[in-house]
Each structure stands twice: as structure tokens, then as C-alpha cells.
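These come from TrEMBL:
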SIGNAL    1-23  signal peptide
DISULFID  Cys33-Cys50  disulfide bond
DOMAIN    64-214  domain 'Cupin type-1'
BINDING   Asn109, His114, Glu119  oxalate binding site
BINDING   His112, His114, Glu119, His160  Mn(2+) binding site
Amino acid sequence: MKKGVSFLVTVALVALVSSLASASDPSPLQDTCVAIDEPKDAVFVNGKFCKDPKLTVAEDFFFSGLDKPGNTSNAVASNVTTVNVEQIKGLNTLGISMVRIDYEPYGQNPPHTHPRATEILTVLEGTLYVGFVTSNTENRLISKVLNKGDVFVFPIGLIHFQFNIGKTNAVAIAALSSQNPGVITIANAVFGSDPPINPDVLTRAFQLDKSVVKYLQSRF
């Protein structure tokens with residue numbers, strides 16, 4: 001095979017493999033890899049310092065308190081109690097985490113994204129209006145009203161939200177496909193960045209008067 005043809009075939013194969021690939025947390029190569037800050041009693045596995053598996057204990061895989069409501073006395077009238085690798089060190093390399101979300105009546109978990117995880121949410125109490133928006137250029141809203149026992153999935157990286165449309169408190173539990181999903185709350189990131197984004201950028205991007213942009217920036 002000529003060098004030029006061989007190169008083109010290689011490029012085509014790489015493109016094919018790339019189109020089929022997806023990013024996620026790395027698969028573990030051992031039973032446990034409890035995250036540890038102090039490497040004195042650690043082993044180096046999967047590019048991370050981990051507690052020696054012989055020293056792991058039940059507390060490395062345990063969290064208590066998810067039955068307790070979170071404090072919803074804030075601007076959005078909701079609270080997210082997170083259980084990820086920061087709370088359970090044993091989640092390291094396991095590619096999963098969870099949250100409890102509490103909502104006051106008409107409280108919301110405002111539009112946000114998880115850059116590293118798909119989310120699956122179950123309503124335990126109340127009635128939620130939920131949805132996500134597909135990527136450009138379609139930007140299609142996929143939404144539904146959920147009641148107790150209903151389940152909804154938010155695909156990785158897409159903007160999504162939950163809003164309590166009931167007259168009583170609501171509670172949901174969600175699982176996420178990463179030990180540390182990350183969260184980008186849209187309004188906070190755009191209008192509350194540090195340092196602030198130049199108002200001229202946001203004025204044109206959102207088609208708003210500059211005074212409105214400056215007001216929104218002052219709110220975050």
C-alpha cells in the first residue's frame with residue numbers, strides 16, 4: 001500500500017473510532033481505590049493515590065444523613081445535598097454519585113449542566129416540572145411533569161432544571177454517572193463570573209440593554 005493511501009486509511013479509521021467513542025470516568029483496575037490526600041499509606045493506581053486496599057474500612061464507603069431535609073432558605077428555594085467522592089472517598093474510580101434535592105413550593109433547581117455526568121432523577125415527594133434543552137442548533141425543550149415515583153433522565157452536558165409546581169415541599173433523589181459530576185449553574189456562571197464578563201459581551205449575546213446586564217451581574 002502506498003504511503004499516501006496508508007495515511008488516509010489510518011485517518012479514516014481514527015475518525016471512525018472517534019465517532020464511536022464516549023468519555024466517562026475511567027474503569028477501575030482493582031476492587032477499591034479509596035481516595036486519600038496523604039500518600040504515606042497509599043498506593044499509586046490508575047494515576048491516583050489510593051489507600052492501600054488492605055487498610056480500607058466500611059467508613060470509606062459510608063455517608064449518613066440523606067434522610068434529613070436540606071436548608072432551602074435561599075434565592076431559589078431549593079437545596080442540593082451532594083454525595084460524591086468528596087463525601088465518600090470509596091467512590092473514587094467507581095464512576096457514580098448521588099444527590100438529594102429539596103424544594104419549597106415553587107422552588108427550583110435552576111438551569112444548569114453536569115459536564116461529566118448523565119443524571120437519573122426519582123421524585124420521592126411532590127410534583128416537579130422538569131426538562132432539558134438539546135444542543136445547538138435545534139435547542140429543543142424536552143419537558144415533563146413528574147409525580148411521586150416518576151423517573152426522568154437528563155443527558156450528559158445538557159442544560160436542565162427542576163421546578164416544584166406543587167403547593168407542598170418536594171423531594172427528589174438523583175444518581176449521576178461520575179464520582180464528581182461537576183455543576184455549572186447557567187445564571188451564576190454567566191452573570192456571576194469572577195472577574196465579571198465584560199457587559200458589552202453579554203449585552204450582545206442576550207440582546208439586552210447594558211443597564212439590565214449590569215443589574216443582573218450585581219445580583220450574582
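Each Cβ is built from the backbone N, Cα and C atoms, and glycine gets one as well.
All annotation found in TrEMBL is predicted automatically rather than curated by experts.
Taking the features listed in TrEMBL, we show where each one sits on the structure.
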residue: Cys33; record: disulfide bond; Cβ neighbours (10 Å): 24
residue: Cys50; record: disulfide bond; Cβ neighbours (10 Å): 23
residue: Asn109; record: oxalate binding site; Cβ neighbours (10 Å): 26
residue: His112; record: Mn(2+) binding site; Cβ neighbours (10 Å): 19
residue: His114; record: oxalate binding site; Cβ neighbours (10 Å): 23
residue: Glu119; record: oxalate binding site; Cβ neighbours (10 Å): 23
residue: His160; record: Mn(2+) binding site; Cβ neighbours (10 Å): 22
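Here the candidates are the binding-site residues Asn109, Glu119, His160, and by Cα distance the one nearest Cys33 (disulfide bond) turns out to be Glu119. Taking Cα separation as the measure, Cys50 (disulfide bond) is nearest to Glu119 of the binding-site residues Asn109, His112, Glu119, His160.
Taking the centroid of the Cβ atoms of His112, His114, Glu119, His160 as the Mn(2+) site, the other same-chain residues with Cβ within 8 Å of it are Thr113, Ala117, Phe132, Phe154, Leu158, Ile159, Pro181, Val183.
Mean pLDDT for the domain 'Cupin type-1' (64-214) in the predicted structure: 96. Between the CA atoms of Asn109 (oxalate binding site) and His160 (Mn(2+) binding site) there is a gap of 9 Å.
Summary of the oxalate site environment: with the site residues Asn109, His114, Glu119 set aside, the chain residues having Cβ atoms within 8 Å of the Cβ mean position are Val99, His112, Thr113, Ala117, Leu121, Phe154, His160, Ala174, Leu176, Pro181, Val183.
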